[in-house]
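Asks: What TrEMBL lists as domain 'PurM-like N-terminal' is A:40-152. Annotated Mg(2+) 3 binding site per TrEMBL: A:D42, A:D87, A:D238, in sequence order. Residues annotated as Mg(2+) 4 binding site in TrEMBL: A:D42, A:S56, A:D87. Residues annotated as Mg(2+) 1 binding site in TrEMBL: A:S57, A:D58, A:D135. Taken from TrEMBL, the feature Mg(2+) 2 binding site covers A:D58, A:D87. If you look up TrEMBL, you'll see A:H65, A:E291, A:W343 marked as substrate binding site. TrEMBL lists A:Y117, A:G134, A:D135, A:R161, A:S240 with the feature ATP binding site. The domain 'PurM-like C-terminal' annotation in TrEMBL covers A:166-321. Annotation comment: TrEMBL describes A:D241 as Mg(2+) 5 binding site.
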2 protein chains.
Amino acid sequence: MLEDKNTHRTHLSELGEFGLIDHLTKDFPIVNPSTLKGVGDDGAIIDFGDQKAVISSDLLIEGVHFNLSYVPLKHLGYKSIMVNLSDIYAMNAIATQVVVSIAVSNRFPVEALEELYEGIRLACDIYKVDLVGGDTTSSTRGLIISVTAIGMAPQEKIVYRNGAKENDLIVVSGDLGSAYMGLQVLERENEVFKVNPNMQPDLESYQYLIERQLKPEARKDIVLLLDKLGVQPTAMMDISDGLSSELLHICKQSHVGCRLVEEKIPLDPTLINACEEFTLSSTMVALSGGEDYELLFTIAPSDYDKIKGNPNLSVIGYITEPAQGCNLITRANEAIPLKARGWNAFR
Amino acid sequence: MLEDKNTHRTHLSELGEFGLIDHLTKDFPIVNPSTLKGVGDDGAIIDFGDQKAVISSDLLIEGVHFNLSYVPLKHLGYKSIMVNLSDIYAMNAIATQVVVSIAVSNRFPVEALEELYEGIRLACDIYKVDLVGGDTTSSTRGLIISVTAIGMAPQEKIVYRNGAKENDLIVVSGDLGSAYMGLQVLERENEVFKVNPNMQPDLESYQYLIERQLKPEARKDIVLLLDKLGVQPTAMMDISDGLSSELLHICKQSHVGCRLVEEKIPLDPTLINACEEFTLSSTMVALSGGEDYELLFTIAPSDYDKIKGNPNLSVIGYITEPAQGCNLITRANEAIPLKARGWNAFR
């Protein structure tokens, strides 16, 4: 049927994930005055009077976003909540509720889903969010998890992607690239296991990396810290696709350029060791790895003293006028254009 | 991995769709004062001060909820929005925003997704809701659509499932069973088409039934009508699984019994003809067919005069004390216990 109707067929890969959603939603008008922000940021913003609601939604598909041969279901449940809470925190809001829908094939026993919900419950417990709804249904193949998170913030606290100004400092929380290297380690061990199921992997030296991949934490603490420090970011995003991809989003939506300083990118020593072992560039991994769920934001230069020396935060560059473009300043002090090589759902 | 860990395996079908979600979410506490209603109704209710938000979410899976060999993508897009808006109206709220996430395999060209979004757009346009976000990703097989709808209502207007009182009247909008018979017709034609692709089906006499299946309308008009008539339902649900299943939910959650009068169940003449042709009982189809997306609600007897004679509404029975159970009063004036034979996702 599809074949007959469409004389011209455009392959999905021609648009890519962001191109596709932009393309499909470009003609949708906004008619409700309560819609303060629609498609195009980490979350939508809805006006409920006193408080504004932030809504974010993600769909996780077995075989695309996770592989159950090395991801325990409890961790998967935990992570599926983190991925969404991270989007709420990236708007500088506090997550309050989640709605979780799952579709499963009959190969899953109830006990497997109990494990999944144990992880969901742990995440709700630690992050103080309420599970308020959801739908369970069957799938023809595999496990599908859909999570919608709801958060709240007063309007003046909400941070979009488009507020970065020339001379603002670029700041990132935690360290980058470890979640990606954790995945590389897990995939390698999975291949080894397939060849020799009796082999006991020694993963101790990779523990930090694997934990970053399997059990990431959304940075609610950073939202609370910024509030405590009296810092209102000018733009913010969470790092799900990779530092370069997210920074390019902020620059594009804020109509500015940037200079990202390679030597300032925070890397864990375990990551540096693993990159050497896998003969990968740690800078490339940090720029393009994704799934770190750290917060990337920009602040006015006058706020620098408030964050200076905080072990959770690293200043990694600054915003420039748009004409200068978006560049990485290498250790050799060369400027090379930043490219979005982040994880692309349709590659 | 799953096999090794669990010594006891409970098959999903042992719990069923509602049993499963109850089972998985029973230990989740509510910690946020803004959570007014969690799992267990058509939607969750969140307190945003002046207005309350109603949130509802559904996951639609190709091969489980729809068959693209006879469901046009534009209709599918439209229906996926209707299914969710219907849950919002079932709480007596007005839908204001939707978030739509899709996962697709590479067999879909961009043009196919454009058709899907045309239907979504048409639904948003007619029902005055804003598409405010979403996620697109790839799937290993088929099309998956996840929709979350957001609505608003002042607290005193919101209607739950648990408010039905003894002597309340049971009311339903529109007519029942037609969506199910539309599906029977489409499935029959699809089988005929597989055998003889040159056969041109004559579907004109089934047009109403097919439209009810492919392009259902959520009853926003009924919410507005009840407001205009000054009727506040005591309990309400939308009919997605079938009249008997939904009525049993209301009775169980309200701790009441009911008497549903067979001859009062509204049926379209086209449905009666098709049921004769397919040798199906039209009462059974109306009771268990599902996907009608009509509103089922209870009202105080004193409100009867306000709705009497309205062509959109039928009084189909009344609420009793719980000891009397839930019964269908047949045309032969016999009372037989109502059974939930509604569509079960895990049958």
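Here the Cβ of each residue, glycine as well, is placed from N, Cα and C on the backbone.
Predicted automatically and left uncurated, TrEMBL annotations should be read as such.
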Asks: Could you check the binding-site residues A:S56, A:Y117, A:R161, A:D238 and tell me which sit with their Cβ under 8 Å of a chain B Cβ?
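Replies: Of A:S56, A:Y117, A:R161, A:D238, the entries that lie near chain B are A:S56, A:Y117.
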Asks: Determine, using Cα-Cα distances only, which of these binding-site residues is closest to A:D87 (Mg(2+) 3 binding site): A:H65, A:Y117, A:G134, A:D241.
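Replies: Of all the candidates listed, A:D241 is nearest in space.
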Asks: Would you mind checking how many other C-beta atoms are within 10 angstroms of the C-beta on A:S56 (Mg(2+) 4 binding site)?
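Replies: For A:S56 (Mg(2+) 4 binding site), the 10 Å Cβ neighbour count is 31.
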Asks: Rounded to an integer, what is the Cα-Cα distance in Å between A:S240 (ATP binding site) and A:E291 (substrate binding site)?
Replies: 4
Asks: Can you give me the Cα-Cα distance between A:R161 (ATP binding site) and A:D238 (Mg(2+) 3 binding site) in Å, rounded to a whole number?
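Replies: Cα to Cα, A:R161 (ATP binding site) and A:D238 (Mg(2+) 3 binding site) are separated by 10 Å.
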Asks: For a quick check of understanding: given the listed ATP-binding residues A:Y117, A:G134, A:D135, A:R161, A:S240, what is the maximum Cα-Cα distance in angstrom, as an integer?
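Replies: Pairwise Cα check on A:Y117, A:G134, A:D135, A:R161, A:S240 gives a maximum of 32 Å.
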Asks: To test your reading of the Mg(2+) 3 site: which residues beyond A:D42, A:D87, A:D238, same chain only, put their Cβ within 8 Å of the Cβ centroid of those residues?
Replies: A:G43, A:S56, A:S86, A:I88, A:Y89, A:A90, A:M91, A:M237, A:S240
Asks: Any idea what DSSP makes of A:D87 (Mg(2+) 3 binding site), helix, strand or coil?
Replies: helix
Asks: Quick one: DSSP breakdown of the domain 'PurM-like N-terminal' (A:40-152) into helix, strand and coil?
Replies: 35 helix, 43 strand, 35 coil
Asks: From the binding-site residues A:D42, A:S56, A:D238, A:D241, A:E291, pick the residue whose C-alpha lies nearest to the C-alpha of A:D135 (Mg(2+) 1 binding site).
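Replies: Checking each of A:D42, A:S56, A:D238, A:D241, A:E291 against A:D135 (Mg(2+) 1 binding site), the shortest Cα distance is to A:S56.
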Asks: Starting from the Cβ of A:S240 (ATP binding site), draw a 10 Å sphere and report how many other Cβ atoms land inside it.
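Replies: Its Cβ shell of radius 10 Å holds 22 other Cβ atoms.
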Asks: Need this for a regression test: binding-site residues A:D42, A:S56, A:H65, A:Y117, A:G134, A:E291, filtered to those with Cα within 10 Å of A:D241 (Mg(2+) 5 binding site). What's left?
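Replies: Among A:D42, A:S56, A:H65, A:Y117, A:G134, A:E291, the ones whose Cα sits within 10 Å of that of A:D241 (Mg(2+) 5 binding site) are A:E291.
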